[in-house]
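Under the heading AMP binding site, Swiss-Prot lists ALA9, 39-42, CYS66, 123-134. Residues annotated as N-acetylalanine in Swiss-Prot: ALA2. According to Swiss-Prot, the feature N6,N6,N6-trimethyllysine maps to LYS200, LYS203. Feature annotation from Swiss-Prot assigns N6-acetyllysine to LYS200, LYS210, LYS238, LYS248; the stated evidence is similarity to another entry. The annotation N6-methyllysine is assigned in Swiss-Prot to LYS200. Feature annotation from Swiss-Prot assigns N6-succinyllysine to LYS210, LYS248; the stated evidence is similarity to another entry. Positions annotated as phosphoserine by Swiss-Prot, on the basis of similarity to another entry: SER223, SER226. Look at Swiss-Prot and you will find 183-205 tagged as region 'Recognition loop', backed by similarity to another entry.
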Amino acid sequence: MAELRALVAVKRVIDFAVKIRVKPDKTGVVTDGVKHSMNPFCEIAVEEAVRLKEKKLVKEIIAVSCGPAQCQETIRTALAMGADRGIHVEVPAAEANHLGPLQVARVLAKLAEKEKVDLVLLGKQAIDDDCNQTGQMTAGFLDWPQGTFASQVTLEGDKIKVEREIDGGLETLRLKLPAVVTADLRLNEPRYATLPNIMKAKKKKIEVIKAGDLGVDLTSKLSVISVEDPPQRTAGVKVETTEDLVAKLKEIGRI
């Protein structure tokens, strides 16, 4: 097969080092004035696409993000890492809070068809909702084979070999292209964007479109009832002997 075109999905999330705070009304988490960055699993997906391009196996990498205007910063990061151009599916901030895997998967599937890509790469999950559904749903809408939790990816002609870690060992899949692959942490270690590449990324093209331009309805079928902090754990009690342990368990009604 000739050189491929790859679509890589990137999500803007609260930075992994930030301590999450729940809103007083428990409708979500505080995002205003909080540092955001690219989802770490998405970084791995971008890195893998760039490595395939460096091997002359991929000719173009398109970075895609859905959400408010700030998502363009996330796309710029992908461009600085080596993506060729970006597509921002603009969604107002109020609506973006209700975007779920189903809506994003519909967008990605439509873009994959529109751009005539051969490979869709994305992180296996996002660290904010941990849904682990978008890649699978995208493959379902496209009716393409999928390789999830990829720990190694190898292009073999018109097929892609995906190794994935499972309980008790490794599973190897060979998927006929076009295909969808989701990245595990073990797939690679993303590079840091260099200053020259960051400057070049500012000149690369980002196309801004609406979900409606793709014929996608972003209305969510789910609603968040409440978001709460995990309950605080009570302090443990140290015991010196087995007899003390049994006595303590009896005292608290465990035995």
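Cβ from N, Cα, C; glycine included.
Features recorded in Swiss-Prot, as mapped to the structure shown.
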residue	record	DSSP class
ALA9	AMP binding site	strand
PHE41	AMP binding site	helix
GLY123	AMP binding site	strand
ASP129	AMP binding site	coil
LYS203	N6,N6,N6-trimethyllysine	coil
SER223	phosphoserine	coil
LYS238	N6-acetyllysine	coil
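Outside the region 'Recognition loop' (183-205), and at least 6 residues removed from its termini, the chain residues within Cβ reach (under 8 Å) are 40-41, 43-48, 50-51, 76-77, 79-86, 121-124, 149-153, 164-165.
Taking the C-alpha atom of ALA9 (AMP binding site) as reference, the shortest distance to any of the modified residues LYS203, LYS210, SER223, LYS238, LYS248 belongs to LYS210. Between LYS238 (N6-acetyllysine) and ASN132 (AMP binding site), the C-alpha separation comes to 39 Å.
A gap of 14 Å separates the Cα atoms of ASP129 (AMP binding site) and SER223 (phosphoserine). Cβ neighbour counts within 10 Å, taken over all protein chains shown, single out ALA9 as the most crowded of the binding-site residues ALA9, ALA126. Taken together, the residues in the region 'Recognition loop' (183-205) have a mean pLDDT of 94 on the 0 to 100 scale.
The two recorded residues, SER223 (phosphoserine) and ASN132 (AMP binding site), have Cα atoms 18 Å apart.
Within the group of recorded positions (ASN132, SER223, SER226), the Cβ with the highest number of other Cβ atoms inside 10 Å belongs to ASN132.
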